Amino acid sequence: MNRATFPHFWLPLLLIAPQLAISAIFFYWPAVQALYQSVLREDPFGLRSTFVGLANFRNVLADPAYLNAAQVTVVFSLLTAGFSMAIALLLAVQAEKVVRGRGFYRTLMIWPYAVAPAIAGMLWLFMFNPSFGTLAAIPRALGIRWDPLLNSSQAMGLVVAAASWKQISYNFLFFVAGLQAIPKSLIEASAIDGAGPVRRFWTIVFPLLAPTTFFLLVVNTVYALFDTFGIIHAVTSGGPGKSTETLVYKVYNDGFVNLLLGSSAAQSVMLMVLVICLTAFQFKYIERKVHYG
Amino acid sequence: MHRRNLIAAAVASFALPALPALAQTEISWWHAMTGANAEVVEKIASDFNASQSDYKVTPSFKGTYPETLNAGIAAFRAGQAPDIMQVFDVGTGVMMGAEGAMKPVAEVLSENGYEFDKSQYLPGIVAYYSKPDGTMLSFPYNSSSPITYINKDIFEAAGLDPNDPPETWNEVWEMAKTIKESGAAPCGYTSTWLTWIHLENFAAWNDVPYATFENGLAEGGVPELQLNAPIFVNHFQMLADLAKDGTFKYGGRTSEAKQIFLAGECGIFTESSGGLGDIVKSGMNYGIAQLPYDSDAGGPQNTIPGGASLWVFGDKSEETYKGVAAFFDYLSQTDVQTYLHQTSGYLPVTMEAYEATKSSTFYDENPGRETPITQMMGKEPTANSRGVRLPNLPQVRDIANEEFEKMLAGDQDAQTTMDAIVERGNAAIKEAYGNM
């Protein structure tokens with residue numbers, strides 16, 4: 001450790017001040033606010049409030065709707081992370097094989113990442129609208145009664161598709177980078193030994209991609225858990241019934257539609273704990289435990 | 001040099017029109033109107049601004065009704081509340097619970113020299129937005145009533161008489177089946193707002209209780225839902241049965257079904273009279289009839305007002321309140337109200353505007369346009385038909401919608417659905433009363 005890089009006390013503090021200010025205003029302040037509200041019972045306008053201790057947490061945990069939201073979240077996250085990573089890996093491997101226009105092809109693949117979640121949701125909603133959606137004609141032609149408004153599996157399918165589609169670009173980028181880091185000599189050697197492309201992929205490429213895959217698994221889980229609100233809001237609003245209501249969506253719905261601020265704050269505190277655990281897990285394992293090089 | 005001139009010119013062109021505004025008091029108006037109704041908001045505001053030079057009303061669109069309400073609440077908590085906010089009918093209970101955050105409209109008007117004469121306004125509407133002691137709390141901007149629309153072309157293709165729209169729910173079911181079976185349209189019947197039309201208005205129109213304590217309007221205790229009575233169960237079982245083969249098509253929780261009707265997919269449609277603007281605009285060959293009633297009940301009673309009203313936030317400057325009062329006075333003028341009524345399908349809020357439209361040839365030229373008014377004003381309201389007031393009506397609607405979706409997907413029958421709504425709804429109402 002070289003402590004002499006910044007000899008002064010104030011200069012480094014000044015340099016990180018903007019970052020500190022942003023963290024304080026956008027992260028710590030709301031977090032403290034949520035903690036405070038989670039122990040209160042309050043009317044929507046904040047005119048009267050009473051301290052209720054941990055009653056909000058007890059009510060949330062005793063609510064069957066909360067358990068339902070937890071289950072929905074697990075299913076949704078697994079499906080979204082699984083599909084977006086599998087498809088991105090397939091595309092990345094195929095992109096490696098493209099000889100001419102590889103850069104152009106890759107650029108195209110990255111575009112969906114720039115689309116805002118709510119817009120992505122609207123796109124999928126329109127494409128699969130049972131009345132006028134262009135792509136809704138496909139399930140109908142297959143004889144499937146396409147009605148994501150009432151059919152919960154179809155609704156889940158639609159939000160998973162929209163959420164995965166948006167994340168594929170990100171995963172694609174990392175897989176491409178991961179693939180380029182694999183020494184060509186290894187692949188060539190196994191080819192000379194007579195291994196076909198499928199065998200080469202599963203015995204050489206896939207294991208060597210493990211650090212990338214593991215990193216993406218954590219990132220995608222966090223994405224599916226927390227960054228998909230816009231998509232769910234635009235596509236299903238948590239319906240039909242409560243079949244696409246994830247934990248994050250429930251925080252919004254209870255707080256801003258049902259105006260139960262205490263309960264909503266208690267739920268966000270619980271999510272905060274979950275994020276802290278996930279982050280700790282990521283720091284502890286990602287960089288150290290997974291490598292084969 | 002050229003460039004600098006250009007920039008200067010650009011700056012000037014932005015700055016100059018703003019100059020006269022310095023002397024004006026700005027009044028912010030948050031609203032939730034879209035489509036044809038948003039154009040009406042813009043026109044009313046700009047006409048008011050042009051009519052005088054002291055105040056400038058600036059409307060801003062804040063999303064759907066619930067989103068607008070939340071934006072207002074969040075803004076209030078942050079000390080940045082707008083001056084005027086449009087709140088939908090079911091948010092009325094929430095707003096009434098926020099005494100102190102709001103300034104009653106009656107006060108705003110009388111403190112600024114405007115006479116507030118209750119008798120000039122349509123009684124059913126004013127009563128809905130008043131305290132039990134009669135003080136009017138919010139200004140009824142857009143009041144509507146659910147009515148039946150039919151697509152005359154589909155009726156003809158199905159061999160039905162386009163001039164004989166359904167009067168009872170049984171007739172709706174029969175005609176919907178005929179439309180579906182004849183192949184005139186892929187679906188017979190669809191509806192927006194199942195909660196508002198098939199619960200709240202269904203109860204009032206058929207004179208059956210929605211909840212105890214006069215649907216929450218009477219003092220004395222925590223109201224309990226009465227929605228699992230046989231009349232509701234039978235009605236919803238019918239909807240569930242018709243949904244199985246697509247004779248009834250579900251569009252969504254709010255007004256999404258309007259798109260289905262506009263696309264010509266269904267022959268019969270129940271929706272707010274406020275939805276008329278878009279239907280007229282689409283050029284469809286449509287017909288209007290009053291809301292169907294249940295033939296098991298004693299005949300139609302009266303419908304309850306839906307739509308939204310304008311609330312004024314508290315703790316604003318005197319100048320602002322003067323402007324708000326002037327704006328509300330302008331809104332009450334007969335020609336403004338007649339314009340609002342005739343363009344949007346919302347009800348006029350003043351008797352004078354109603355009389356003016358009546359004496360003009362408007363209703364003769366547009367048969368059915370008086371329907372929403374007559375069905376609301378036709379009879380003296382009973383304990384079941386004055387309205388529904390729960391502190392958390394949006395949440396109760398949410399619960400009902402969730403259960404309806406399970407039912408329409410074929411997961412549960414109507415009895416289970418209505419029992420679940422009552423049980424979950426009552427628990428939520430109890431909790432909301434505890435929060436107050």
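Glycine residues also receive a Cβ, built from the backbone N, Cα and C atoms like all the rest.
According to TrEMBL, the domain 'ABC transmembrane type-1' annotation covers A:70-282.
The transmembrane segment annotation in TrEMBL covers A:9-29 (among others).
Residues or ranges marked as transmembrane segment in TrEMBL: A:69-92 (among others).
Within its own chain, the transmembrane segment (A:104-126) is flanked in space by residues 91, 95, 98, 132-133, 158-159, 161-162, 165-170, 172-173, 176, 227-235, which lie at least six positions past its ends and keep a Cβ under 8 Å from the stretch. The transmembrane segment annotation in TrEMBL covers A:104-126 (among others).
The transmembrane segment annotation in TrEMBL covers A:155-180 (among others). Within the chain, the transmembrane segment (A:155-180) has long-range Cβ neighbours (under 8 A, six or more residues past its boundaries) at 72, 75-76, 79-80, 83-85, 87-89, 91-93, 95-96, 106, 109-113, 115, 117, 120-121, 123-125, 128, 148-149, 205, 208-209, 211-212, 215-216, 219-220, 223-224, 228, 231-232, 235-236, 239-240, 243-244.
Within the chain, the transmembrane segment (A:201-226) has long-range Cβ neighbours (under 8 A, six or more residues past its boundaries) at 73, 76-77, 80-81, 84-85, 89, 93, 163, 167, 170-171, 174-175, 177-179, 181-182, 186-187, 190, 195, 246-248, 271, 274-275, 278, 281-282, 285-286, 290-293. Annotation comment: TrEMBL describes A:201-226 (among others) as transmembrane segment.
Proximity of distant same-chain residues to the transmembrane segment (A:256-281), defined by a Cβ-Cβ separation under 8 Å and at least 6 residues beyond the stretch ends, is recorded for 31, 34-42, 44, 52, 56-57, 59-60, 66, 218, 221-222, 225-226, 247-248, 250. The transmembrane segment feature in TrEMBL is assigned to A:256-281 (among others).
Cβ atoms under 8 Å from those of the transmembrane segment (A:69-92) belong to residues 109, 156, 159-161, 163-165, 167-172, 175-176, 178-179, 209, 213, 216-217, 220-221, 223-225, 228, 242-250 of the same chain, restricted to positions at least 6 beyond its ends.
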